[in-house]
Amino acid sequence: MLCSTSQFKGVDILLTSPWPKYVGNFGNSSGEVDTKKCGSALVSSLATVLKPRYHFAALEKTYYERLPYRNHIVLQENAQHATRFIALANVGNPEKKKYLYAFSITPLKLMDAAELVKQPPDVTENPYRKSGKEVSIGKQIPSPEEESACQFFFDINEKQGRKRSSTGRDSKSSSHSKQPRKPPQPPGPCWFCLASPEVEKHLVVNIGTHCYLALAKGGLSDDHVLILPIGHYQSVVELSAEVVEEVEKYKATLRQFFKSRGKRCVLFERNYKSHHLQLQVIPVPLSRCATDDIKDAFITQAQEQQIELLEIPEHSDIKQVAQPGAAYFYVELDTGEKLFHRIKKNFPLQFGREVLASEAILNIPDKSDWRQCQISKEEEETLARRFRKDFEPFDFTLDD
C-alpha cells in the first residue's frame with residue numbers, strides 16, 4: 001500500500017487503462033480524442049498524487065504523446081520531476097498507429113536529485129491543477145478555459161496566505177469575469193518568465209495578474225525594482241492591452257510608494273540584447289536632485305556618447321514611435337516626461353545605470369555595472385522581505 005509521506009517522491013511508471021481527464025489540454029494534435037469529454041477524473045487524481053515519471057494508457061486505441069508537465073507549483077513548491085503521458089494504440093491496428101514504446105529509464109531512487117528535477121525545455125503546467133490546488137478525488141476537474149488562465153498566480157503575502165485567481169479576484173467572485181489570454185511562452189529557458197525554473201524566486205516581491213515585481217539583482221539601491229511581464233514579451237511595444245494596463249498600474253503605485261518615502265523614481269527600458277522585458281524602476285531621494293537635473297544628466301551623457309536622445313510627447317504611446325522588433329532605449333521621469341533613442345547599431349548596455357549612478361544623480365559611480373554590486377542570497381532575501389512589508393499598504397493586488 002502506498003502511504004502519503006513527506007519522503008514520497010513519486011513513481012517511475014504508471015499504467016492505466018482509461019486516459020486521465022483533460023490530459024490533452026496542451027497540444028493534443030491527434031484530433032481524435034477529446035479529453036474534455038472522455039477520460040477519468042479518478043485517473044487524473046491518481047496521477048496527481050503518484051506523480052509518475054511516465055504514465056501510459058491505451059483505452060482510446062490511438063497513439064498520443066503530450067508535452068511533459070510539471071509536478072510542482074512554480075514559486076510555491078520545491079522543484080520536482082516532470083511527467084510524460086503516452087497513449088498507445090491497440091496491437092495490430094489496421095491504421096498502423098504506434099502501439100509499442102521503447103525507452104530507457106533509471107529508477108527514481110537511484111537518480112541524483114538535481115538531475116531528477118531538471119525541467120525539459122518544452123515542459124508545461126500540470127493539466128490537473130486549478131489555481132495551484134490539487135484536484136481531489138470526486139471533485140470536478142477544471143475546464144480548459146478556466147485552467148489556461150490560472151497559472152503562476154498567487155498571493156505571496158504570508159500573513160494572509162490568500163490564493164488569487166489569474167483574474168486578480170478571489171475564486172468565489174471570478175467565475176463570471178472575463179478570462180485573460182494565456183501569457184505567451186518563451187522559445188527556450190528564460191531568467192524572467194515567472195513559470196521558468198531559472199527565475200530567482202527569492203527576489204520576487206509582488207505578483208499581479210499579468211505582471212510581477214522583483215528586486216533588481218545587483219541593484220543601484222536596496223529598493224531598485226523591476227516590473228516584469230509574467231508571459232514572455234520582449235519589449236513594451238509587444239505588450240497586449242491588458243498587460244499594458246497593469247504595467248501602468250504598477251508604475252503609478254510605485255510612484256506613490258516612493259513619494260511616501262521621500263523619493264522620486266526614474267524608469268527605463270533597454271530593448272537591446274535582451275530577451276525578456278525588464279522595466280527598471282530606480283528611486284532617487286528628493287534631496288539629491290530635481291527631476292530637471294535627472295533629465296539634463298541623461299541628455300548630457302547621451303550627447304557625450306553621440307546618442308540621439310529625443311523627448312517625446314508626455315501623453316504619447318511608446319508604440320507610436322517604435323515598431324515591434326525595433327531596438328530602442330526609453331526613459332520615463334516622475335513628471336511623465338519621456339526620452340527615447342532608436343538604437344541603430346551599437347549601444348552601451350549600462351548607459352541607464354551609468355547616468356543614474358553618476359555624480360549628478362546618485363553619486364555612486366562604482367555601481368554603474370550590476371555585476372560589481374552583487375550580494376549574497378541571504379542578503380537578497382532580507383531585502384526582499386523588507387520591501388514586501390513596506391510595499392504592502394500600497395499593494396493594489398490585495399484590493400481586487
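Placement of Cβ uses the backbone N, Cα and C atoms for every residue, glycine included.
Because TrEMBL annotations are produced automatically, they should be read as predictions rather than curated entries.
Per TrEMBL, the features are as follows:
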DOMAIN    182-289  domain 'Cwf19-like C-terminal'
DOMAIN    305-397  domain 'Cwf19-like protein C-terminal'
REGION    121-144  region 'Disordered'
REGION    160-187  region 'Disordered'
Helix, strand and coil totals (DSSP H, G, I; E, B; other) for the domain 'Cwf19-like C-terminal' (182-289): 26 helix, 30 strand, 52 coil
Secondary structure composition of the domain 'Cwf19-like protein C-terminal' (305-397) [DSSP: H/G/I, E/B, coil]: 36 helix, 13 strand, 44 coil
Across the domain 'Cwf19-like protein C-terminal' (305-397), average pLDDT on the 0 to 100 scale: 91
